[in-house]
Amino acid sequence: MESAANYAIEQYELVQASRKVLLDYCKTIHSNDFLNENSSFGRGGSIRNLLTHIANTYEFWIAKHGLNRAIEFTPYGSIQTINDAMLLFEKIDAMVFEFIGLVDSAEKRQIHFEINGVKSHASPFKLFTHVITHEFHHKGQILSISRHLGYIPVDTDIMR
């Protein structure tokens with residue numbers, strides 16, 4: 001039987017491949033449109049802000065809670081181009097693979113956290129599942145923003 005870490009690696013590689021399609025598509029988007037904020041979409045409503053928010057979520061759950069790191073979250077304003085976002089996701093990838101390396105040894109461990117004054121806990125698998133599904137939710141918003149701006153979105157589904 002394969003280890004949980006092996007499955008997590010395979011799954012995250014699928015996430016990375018889908019993200020690459022999205023980021024390559026974002027290279028075709030004009031820089032003004034990349035930064036353009038639309039109040040109809042959450043988290044500042046720009047492609048840049050949503051990409052940064054996705055990365056911030058990995059930083060919060062994987063780095064801060066999963067790896068117990070004191071980190072500074074990437075400010076939205078520090079990402080000005082799609083290349084900046086791509087470099088940010090390279091850092092996120094390294095962090096995720098480090099976390100995955102701990103999954104088998106920590107499989108039964110509970111990760112404790114507090115949100116809005118409520119203390120709770122989750123397994124490493126639940127944290128991992130949360131961050132990747134969260135990314136796909138916002139990826140859909142990014143594609144919707146691009147459509148709203150007049151672009152024709154690409155298929156970023158894992159099954160394409």
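Cβ from N, Cα, C; glycine included.
All TrEMBL annotations are machine predictions without curation.
These come from TrEMBL:
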- His53, His134, His138: divalent metal cation binding site (BINDING)
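Locations of recorded TrEMBL features on the structure.
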{"residue": "His53", "record": "divalent metal cation binding site", "CB count, 10 Å": "20"}
{"residue": "His134", "record": "divalent metal cation binding site", "CB count, 10 Å": "15"}
{"residue": "His138", "record": "divalent metal cation binding site", "CB count, 10 Å": "18"}
